[in-house]
Each structure stands twice: as C-alpha cells, then as structure tokens.
Amino acid sequence: MTMTKQSSLSPGSRLYDYTTQDGAAWRVSALKEVSYDVVVQPRLLDPANPALADALSSGTTPARRLIVIDATVRSLYGEQLAAYLAGHDVEFHLCVIDAHESAKVMETVFEVVDAMDAFGVPRRHAPVLAMGGGVLTDIVGLAASLYRRATPYVRIPTTLIGMIDAGIGAKTGVNFREHKNRLGTYHPSSLTLIDPGFLATLDARHLRNGLAEILKVALVKDAELFDLLEGHGASLVEQRMQPGEGGTGGAALTVLRRAVQGMLEELQPNLWEHQLRRLVDFGHSFSPSVEMAALPELLHGEAVCIDMALSSVLAHHRGLLTEAELGRVLDVMRLLHLPVLHPVCTPDLMRAALADTVKHRDGWQHMPLPRGIGDAVFVNDVTQREIEAALLTLAERDRVPRWRALHGAVDMGV
C-alpha cells in the first residue's frame with residue numbers, strides 16, 4: 001500500500017490518499033494541541049485586582065458573560081462578585097445550580113445547556129464562568145464540551161478538592177445509573193483561577209475532603225508533602241489554610257502548590273489517558289463504588305481515603321510498606337478526621353468495585369500501591385482473599401490504642 005501525503009492547514013495533521021484492491025481510500029491524521037493555565041490568584045474579587053476581569057475580557061467590546069455558580073457560593077460571594085463585575089463593566093447573567101453529588105447527572109447538564117442557549121453563548125470568544133466546587137466545574141465542563149461541539153469556559157474552584165483536583169485537569173463528567181462519572185468528556189477550561197481565600201468560608205469537613213486528595217499525591221510521589229500534612233494537618237483544617245499571625249500560611253501555600261504541581265505533573269503527559277497506568281488513580285480502585293453505595297453519606301475525598309487505607313494495608317501485607325509506615329499513614333488519616341472504613345465496605349461490594357475498575361482500565365487492575373511513603377508500584381494480581389484480609393486488618397486497627405494514648409478520646413471521623 002502506497003500513501004501520498006496531501007497538504008494540511010494544521011501542523012502535525014495530515015491527509016493521505018491511497019488505493020485498495022477495491023478503489024480509492026483516505027487516511028486522516030490530526031493532532032489536537034491543548035494548552036491551559038492554572039493560576040494561583042489571591043483576592044480574586046478585590047476590585048483592584050484585574051485578573052478576573054482580564055480573563056473575561058472581550059478586547060475592545062464590553063464583556064457579556066454567563067456565570068454558572070453554586071447556590072452556596074452565591075449566598076456567600078454573590079454580592080461581592082456582582083460589585084466586582086459591575087466595576088469592570090462586565091454584563092452578566094447568573095445560572096444558579098445547587099451542585100451536590102446527587103445533582104451530578106445529565107439533567108443538571110441540560111439545565112446549564114438551556115442557560116447557555118438562552119443567553120446566546122457564542123462558539124469561541126465568550127467563555128462561560130464556572131464558580132463552585134468540583135461537582136459544579138465537572139457539570140459545567142461537560143455542558144461546555146457539548147454545546148456547539150465545544151465552547152470555552154473558565155473555572156474558579158471554591159473548594160479545596162476543586163483547587164487541587166477537579167478544577168485543574170481535562171476531565172468532565174456526571175454520574176449515571178449509580179456509577180461514578182460514567183458519562184464525561186475531556187475538555188479542560190482555558191483558565192483556572194485559584195483563590196485560597198475562598199477556603200476561609202469552607203466548612204471543616206469539605207476542607208478535609210480536599211486534604212484526602214492531597215494525601216493521595218503525597219503517598220505516591222511526594223514524601224515532603226506527606227511530612228507537611230503529618231506536621232500541620234490539624235492546624236491546616238483549623239485555620240482553613242489561611243495565612244495569619246501564628247497561622248499556617250507558609251505551610252498552607254506550600255501544601256497547595258505542591259499538590260497542584262504534583263497533580264499536573266501526572267496529568268500533563270497523559271491528559272487524554274491513553275496510558276491507563278496512572279499514579280493519580282491511587283485511591284480510585286474501590287472508591288467510585290464505595291462513594292455511590294454510601295451516597296449521600298460519604299464525600300468523594302472520604303471515599304478515596306477509605307480506598308487509600310485499604311490499598312495501604314494491601315501494600316503492607318505485600319511487604320511494600322513497613323509496620324511503622326502503615327502506622328504513619330493511618331495516623332495522618334485520623335489526624336485529618338478522615339474515615340478508613342464504612343459499613344458499605346463489604347467483601348462483596350469490594351469485589352464488584354474492583355471488577356468494575358478492571359473494565360474501566362481495559363481489562364487490567366493497574367492498581368497503584370504505595371512503596372514506602374512517596375513512591376508507588378502498579379499491581380495486577382490483587383486477590384479477593386487479600387482484599388478480605390485487608391478489610392479485617394482495617395477493622396481491627398480502626399481505633400488503635402496508640403492513637404488514643406497520644407490524643408485522648410477524640411472523634412476520629414470513622
């Protein structure tokens with residue numbers, strides 16, 4: 001077969017024609033270049049700060065923007081946002097979404113699409129603004145990817161999990177038939193603006209929810225980040241990762257930056273997930289099924305933490321983690337008041353959870369297990385017997401005497 005290359009308007013894209021036994025044929029080869037920015041920008045709604053206005057600018061014409069905002073975020077920041085936009089001559093319309101896990105369905109995506117259509121969002125130069133947690137940015141991202149076959153959007157994550165995970169990658173998604181993120185696309189926002197000041201109004205549980213995903217990054221690739229969580233975890237929650245006199249400002253900013261950097265280092269070379277062996281899938285082998293089975297009792301990060309605890313015990317049983325290392329891992333989880341077990345975590349559910357993950361990973365477990373703290377290996381041979389033994393170990397260690405001796409009678413969130 002001889003191929004003849006034709007001209008192309010796009011670098012890296014080619015059209016070839018060739019002949020087969022039955023006649024003419026063509027092959028299309030195209031590359032999609034993607035670049036986007038993730039910017040830490042404190043005091044985002046300060047009228048003197050032009051960053052948001054610049055992101056929404058239309059050049060010489062007055063900006064007109066659709067803003068999809070979480071209902072809670074609107075109650076907290078709606079007036080401040082409106083004053084900022086008015087001060088920068090941005091005409092806007094709010095689409096308010098009560099963005100919780102139960103609303104993470106296609107019906108909510110269609111609500112956003114309806115708002116986009118009614119507003120008259122053009123195809124290229126008027127990005128929709130998504131302002132809220134990871135659930136909201138996932139919903140808006142999916143709507144933007146579908147509307148006119150892809151329109152741009154800008155993310156302002158207001159939760160920690162949005163700032164270090166859901167709001168900085170390429171994936172969008174909603175749940176379908178009790179399956180986590182079963183429907184989705186790859187459609188990164190052109191810009192993500194991270195203002196740690198929003199965390200000041202985040203409740204402690206949702207802050208811990210984000211710290212669970214930071215712990216994920218720490219355990220598989222960043223031992224220094226783990227040390228920071230171990231040393232400052234409680235105060236990070238107490239002070240909502242805010243700077244201040246006697247506060248954890250320096251540690252908080254370092255934790256945030258290392259978490260974002262670590263996540264992006266893993267995502268960038270494999271943005272479209274052509275490679276299904278992903279370090280950032282640590283904590284995500286069992287957790288999608290656990291989270292959906294326990295809904296609405298568990299937040300995403302809490303389900304991930306249960307998965308990480310189970311995976312860490314599996315690693316310990318295989319000699320990848322020492323007893324001391326496993327103790328440190330579980331102690332940090334308890335320090336952050338994150339769960340390590342839940343009543344839905346039966347052997348049958350975990351068997352089904354792993355089976356579904358194997359389908360998602362194209363027939364392989366590709367399960368990341370920690371090897372020491374700050375490193376990981378992939379395994380493909382975890383057995384049901386190992387899972388049941390790990391569940392038993394977790395149940396036995398649920399409230400270890402050493403923790404009570406160190407910290408007294410405290411609610412450990414398990």
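Glycine too: its Cβ is placed from the backbone N, Cα and C atoms.
Feature annotations, reproduced from Swiss-Prot:
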ACT_SITE  LYS171  active site
BINDING   ASP70, 101-104, 134-138, 158-159, LYS171, LYS180, 198-201  NAD(+) binding site
BINDING   GLU213, HIS284, HIS300  Zn(2+) binding site
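When the recorded positions LYS171, HIS284, HIS300 are compared by the number of other C-beta atoms lying within 10 angstroms of their own C-beta, LYS171 comes out lowest. Annotation: ASP138 are the binding-site residues among ASP70, ALA103, ASP138, HIS284, HIS300 whose CA atoms are within 10 angstroms of the CA of the residue listed as 'active site'. Secondary structure at ASP138 (NAD(+) binding site), as computed by DSSP, is helix.
When the C-alpha distances from ASP138 (NAD(+) binding site) to the binding-site residues GLU213, HIS284, HIS300 are tabulated, the minimum falls on HIS300. A gap of 10 Å separates the Cα atoms of HIS300 (Zn(2+) binding site) and VAL135 (NAD(+) binding site).
Same-chain neighbours of the Zn(2+) site beyond GLU213, HIS284, HIS300, judged by a C-beta within 8 angstroms of the site's C-beta center, are, in sequence order, ILE161, ASP165, ALA212, LYS216, GLY283, SER287, GLY301, ALA303, VAL304.
Taken residue by residue with DSSP, the residue listed as 'active site' is part of a strand.
GLU213 (Zn(2+) binding site) is 22 Å away from ALA103 (NAD(+) binding site) when you measure Cα to Cα. Comparing VAL135 (NAD(+) binding site) with GLU213 (Zn(2+) binding site), their Cα atoms are 15 Å apart once rounded. For the binding-site residues ALA103, VAL135, LEU199, the greatest number of Cβ atoms within 10 Å around a candidate Cβ is found at VAL135. The number of other CB atoms found within 10 A of the CB of ASP138 (NAD(+) binding site), across every protein chain shown, is 26. Long-range Cβ contacts of ASP70 (NAD(+) binding site) within its own chain (separation 6+, distance under 8 Å): VAL96, ILE97, ASP98, ALA99, MET131, GLY132, GLY133, LEU136, THR158.
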